[in-house]
């Protein structure tokens, strides 16, 4: 597998994993990396989402991959180069019913105990879904 094929496979795995995050839930870059078998690559998950196409004709795009549901391990929406980027992500989450709080330094955060999604494996890969896996052990899973 050439390097570009490997990168394309990783992007595809990340996009497919993010598509499984239920509406009204959030997870971390690190947890997506873990779910796709590369726990050492949370930053690359962020790169994948940064490069998610806006073009509706693309197989994976901003309309069908819920990028807004992925935040950092502290429960904070990561700052962007564009000041409106984090606010846009917060608005998209709020539209799904996720409460986004603003901290004293202006950081936008989400409470993992209420909205966290940390399954041990992707629902598409599980033989049997166990509702208890959805948000247990939040501290250990990040």
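Each Cβ is built from the backbone N, Cα and C atoms, and glycine gets one as well.
TrEMBL does not curate its annotations; it predicts them automatically.
Computed from a predicted structure; not experimentally measured.
Here TrEMBL flags 10-98 as domain 'Methylated-DNA-[protein]-cysteine S-methyltransferase DNA binding'. If you look up TrEMBL, you'll see 121-142 marked as region 'Disordered'. Summarising the annotation, TrEMBL assigns compositional bias 'Acidic residues' to 125-142.
Note: the domain 'Methylated-DNA-[protein]-cysteine S-methyltransferase DNA binding' (10-98) comprises 41 helix, 6 strand, 42 coil (DSSP; helix = H, G, I, strand = E, B). The average pLDDT the prediction assigns to the domain 'Methylated-DNA-[protein]-cysteine S-methyltransferase DNA binding' (10-98) is 95.
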